[in-house]
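Visitor: What TrEMBL records for this protein is below:
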DOMAIN    10-217  domain 'Porphobilinogen deaminase N-terminal'
DOMAIN    233-301  domain 'Porphobilinogen deaminase C-terminal'
MOD_RES   C248  S-(dipyrrolylmethanemethyl)cysteine
Amino acid sequence: MQMPDPTRPLKIGTRGSKLALAQAHETRDRLSAAHGLPAEAFEIVVIKTTGDRITDRPLKEIGGKGLFTREIEDALISGGIDIAVHSMKDMPTIQPDGLVIDCLLPREDVRDAFVSPTAQAIADLPAGAIVGTSSLRRRAQLAHRRPDLHLVEFRGNVQTRLKKLDDGVATATFLAMAGLSRLGMLHLARGPIDPAEMLPAVAQGAIGVERRVEDELAAALLAAIHHDPTGHRIAAERAFLARLDGSCQTPIAGLAEIREETLLLRGEILRPDGSAAISGYREGSLHDGPAMGSDLAQELLGRAGAGFFDHL
Ligand SMILES: NCc1[nH]cc(CCC(=O)O)c1CC(=O)O
């Protein structure tokens, strides 16, 4: 196989948060191990996105898709970087012309973690307890199960949110187990939440690597670290999301799993205020993910009827 030019390192674009950097390092280490390349063959390039710049407003107010990805994709298109590492959970379902994500790393824990200095689990929270989250999905899921809780907006990276808990702004919050694990902070989780109780976000725990479609060197390098089972699961979940036209404004959850060569997909949509939730299920062969995802989305949309998402 063609090897990277030793005088020109492969530029890996990423956001600058600790979690994003940990993911970029994992990608570099996997590439380095798969191809026997030294650390000098790679350069990590930190790119600031709109979502990173605006930290004082709820994400849904800033609006638009790709708040955490647009600037990185621009750098990829213009050749400033060669590959880009993303949390697939934050990725729009359609990539810009000329870019493709066909490399998924082995998926981490998909579950949400319950984080609180005082309570052991959701059931322990007293009526009226304040819970912080910036995720519309987690907010709607929690409001659905525990309408007595008081939900507040909790923006910022993992460190910022933990600081807010310390400062007593809220009694509890939720974070992805995957993020805590990659940050070496799993001890902060009181415990994982069973997906049957709180279905995770589409693609939670999955890292994807984006490249230019015509970049054959990047394609060959990345093919060696692609994890096929994760690819099938993410394809199903993202097809579900795509058919729902999921934006950051819509509470949607989805999880595909593989059991004995069968792909199992669960999906859920909720009213933003948690006053209703509709869920469904499909199963099929490993390559059926895209069809299963859009078919399940179609069913849920039909059951929901017009205006389902409008309630606030
Ligand atoms: N929206 C921010 C974000 N994007 C990816 C992760 C965690 C890592 C992952 O799910 O892969 C997080 C933080 C969180 O939800 O706690």
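Glycine residues also receive a Cβ, built from the backbone N, Cα and C atoms like all the rest.
Burial and contacts for the listed features, if you can.
Guide: According to DSSP, the secondary structure content of the domain 'Porphobilinogen deaminase C-terminal' (233-301) in residues is 27 helix, 26 strand, 16 coil.
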Visitor: Would you mind giving the whole-number mean pLDDT across the domain 'Porphobilinogen deaminase C-terminal' (233-301)?
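Guide: For the domain 'Porphobilinogen deaminase C-terminal' (233-301), the model's average pLDDT rounds to 94.
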